[in-house]
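Features of the protein shown, as given by TrEMBL:
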TRANSMEM  105-131  transmembrane segment
TRANSMEM  143-163  transmembrane segment
TRANSMEM  175-193  transmembrane segment
TRANSMEM  200-218  transmembrane segment
TRANSMEM  230-250  transmembrane segment
TRANSMEM  271-289  transmembrane segment
TRANSMEM  295-314  transmembrane segment
Amino acid sequence: ESPDVVHHDLVNSILNFPPAPTREESVHKPDIFHKVLRWWNENPKDAAMRLSLLAAVLSFTVSLALRPESSPPHSLFVPSEIEASESPAGLIAMLQNFIRGPSPLISSVLVLSTLAQAISGFGFAIVAVGLISQVQWIANSNVFNDIQPIAAIVGSFVGTLLLLPEIHEVELSEILPLIIASLAFTPVGVAALGVINVSVAIKMIGALILGFVTYLISGVKFPPFVGSRAGAWIAGAFAGLLGGAFDISGPPLVFYGKARNWEPGQFRRNILAVVTLNSFTVTITDFFTGRLDDYYVGQFVLSSAPLVAVAIVMGKYLSSKIDPTMFKKIVLGSCLLMGFQLLFT
């Protein structure tokens with residue numbers, strides 16, 4: 001061997017550098033793309049958890065980078081201490097004001113909604129919209145109109161992360177009429193929200209939640225027409241209207257799925273696919289109508305996204321430790337009380 005080669009090997013041995021791979025090892029060693037692809041295909045559940053953790057890190061980074069710098073809009077309805085909490089001075093004051101401000105409350109609601117969805121397979125929009133609608137300073141201010149875009153953005157985020165590992169099992173031919181009708185009527189629901197009186201809207205949300213939960217508890221079966229092709233178009237249209245107005249597109253889809261006698265896994269995947277697409281459509285429509293420009297939409301979404309992603313991981317883990325049937329009954333009971341409160345207060 002030449003002196004240069006001997007010197008190079010001596011330096012590597014002293015510094016403990018690993019030997020360079022041979023040509024044969026380099027050829028047969030799989031690249032990172034194939035490793036990731038094999039990991040994704042062979043471990044779908046593990047992939048969902050890792051994807052959620054990655055989303056938590058990315059969303060936290062984005063939330064720091066895109067933190068709104070402008071002050072919240074002044075309103076006669078929004079309490080002054082809420083507005084003051086969004087303009088802190090200094091790191092400690094920022095933390096104190098954040099804890100006292102509205103963001104932790106909204107983040108907690110969205111985390112609970114995500115846990116309900118991840119563990120029981122339903123409930124994100126109903127829990128999120130129902131609970132946020134009961135926050136007095138939101139219900140009595142123009143911030144009420146921000147509930148729909150907040151629920152739509154976070155709902156599409158949650159739905160995507162939960163659905164991706166099972167996307168190949170979604171039956172597109174079975175849900176295509178639901179998707180088309182839902183997407184067509186979503187803009188109509190978005191426009192309707194702008195003309196509905198707030199008190200009427202809150203009672204409509206309460207009635208919707210109450211009726212939906214009552215149906216699930218009663219076990220009443222719908223006539224065969226509901227599960228027909230025509231029933232799919234009608235259910236999709238109502239899902240679009242309710243999704244556009246309140247981002248609660250699930251109830252009509254549940255009625256249709258029950259009438260079709262879908263299996264539990266089929267039921268969860270198909271409905272989650274339509275609901276997620278509906279939330280994406282609501283978000284896009286809100287973008288073009290300027291509804292996403294409101295200060296509180298960006299503030300609440302960015303502050304909640306990291307915790308929501310972590311809640312997905314927790315929900316996937318807890319779903320194997322908690323009886324889903326019992327947890328579903330707890331969620332239904334809570335939603336029943338929430339529907340009564342929204343409807344009669």
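Cβ atoms here come from the backbone N, Cα and C positions, even for glycine.
Where the annotation comes from TrEMBL, it is an automatic prediction and has not been curated.
Contacts between the transmembrane segment (230-250) and the transmembrane segment (295-314): absent, as fewer than 3 C-beta pairs lie under 8 angstroms at sequence separation of six or more. Cβ atoms under 8 Å from those of the transmembrane segment (105-131) belong to residues 147-148, 150-151, 154-155, 158-159, 162, 205-206, 209, 212, 246-250, 254, 264, 267-268, 271-272, 275, 300, 303-304, 307-308, 311-312, 314-316, 318-319, 322, 324, 327-328, 331, 334-335, 338-339, 342 of the same chain, restricted to positions at least 6 beyond its ends. Within the same chain, residues 121-122, 125, 148-149, 151-153, 155-156, 159-160, 162-163, 167, 170, 175, 178-179, 182-183, 186-187, 189-190, 236, 239-240, 243-244, 247, 249-250, 253-254, 257 sit at least 6 positions outside the transmembrane segment (271-289) and bring their C-beta atoms closer than 8 Å to a C-beta of that stretch. Tertiary neighbourhood of the transmembrane segment (143-163): same-chain residues 48, 51-52, 55, 59, 75, 77-78, 106, 110, 114, 117-118, 124-125, 128-129, 132-133, 137, 170, 190, 193-194, 198, 201, 243, 245-247, 269, 272-273, 275-276, 279-280, 282-283, 286, 291-292, 294, 296-297, 300-301, 304-305, 308-309, 312, selected by CB-CB distance under 8 Å and a gap of 6+ residues from either end.
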